[in-house]
Amino acid sequence: MDFVNQLQRKFIDYSSSLHREGIVDDQFTQLRKLEDENSPHFVMEVASLFFEDCEKLINNMAIALEQKQGVDFKQIDECIHQLKGSSSSIGAMRVKNACIAFRSFSGAQNREGCLRCLQQLSHEYSLLKNKLQTLFRVSVASRCLYVCLVIFCRENEPAEPFPDVLVFQLEKQIVAAGGSIPRVH
Amino acid sequence: MAPTSASGDQPSDKDNWDNGRLARRQQLLTEIVLRNKLTTLVFDGDTMCRVLEQVLLRSYGVQTQGVDNGRDAIALIAFGAKFNLIIIKKILPIMNGLEADSLNGSGCKILGVTACSGESERQAFLAIGVDVFIEKPLDPEHLVPILRELDG
């Protein structure tokens, strides 16, 4: 059972590090609390929506900043506005902060400043995407493991009963890390 | 979705990154139980934000309807759909003066949410009669008192 405990420990530590590094904030924690057995992949789905939106907006801004005949700063402002809204809704703190900084340069119609900010924004977005995808992979792995264990328990009792206490511990760890217990029929 | 029970009442040592506020938020998320059935219209063009706002409301047992454009929002209201709460992120062209008043008269609250709250934007929202104006994200801290008030 040691590697199961290790996996859970990894998940909790990784999750904590995301908060410590400011990549996600309270709002993200809140979203995970809204997840339950009826919508076990809710946060992952919302994150996918966010990634799509974010990439589209970053692309649009890059194109707008390339325009030789004159940059449409109003369009850039609108993109930033939208991105700030969605990043704060999902709890992507560093992306949100990058938007705030970006806004002051687009407001001042400073093309060089905007280009730098866009680069920073892309960087923060890539970081967020990598970290969240890792988090989700580990979360899914833990859930699969849990399901396997429960099935193993059932099929092997009473010949080799698996200690209930270990299944219970795993449940507790999944919940403590902000996940929900999968339903096993 | 029934309000989820918090994963333990205290954050464990491992997740002490923001102890006080986190504990208060957990409390807010689990505490409220509404006596009446409330309905909300959520108008937000951004799919992700709209989905999140609706999920949050539903976790409190509020019935929600989402629209992603102004025309649908206005149509719903104009054709007499009754809502206790309207959440808007943009000023609907028709919602000024008279319209907002008639809505307010029927005990309906209007909540404006926006990504960036500059003073001019705030004034524009307040001028058309929104009751509350907040910056995204929509969170329990702002939402719960409003729901409580609507519940009576």
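Backbone N, Cα and C define each Cβ position, glycine as well.
Annotated compositional bias 'Polar residues' per TrEMBL: B:1-10, in sequence order.
Here TrEMBL flags B:39-151 as domain 'Response regulatory'. When the domain 'Response regulatory' (B:39-151) is classified with DSSP, helix, strand and coil residues number 51 helix, 24 strand, 38 coil.
The annotation region 'Disordered' is assigned in TrEMBL to B:1-20.
Mean pLDDT of the predicted structure over the domain 'Response regulatory' (B:39-151): 81.
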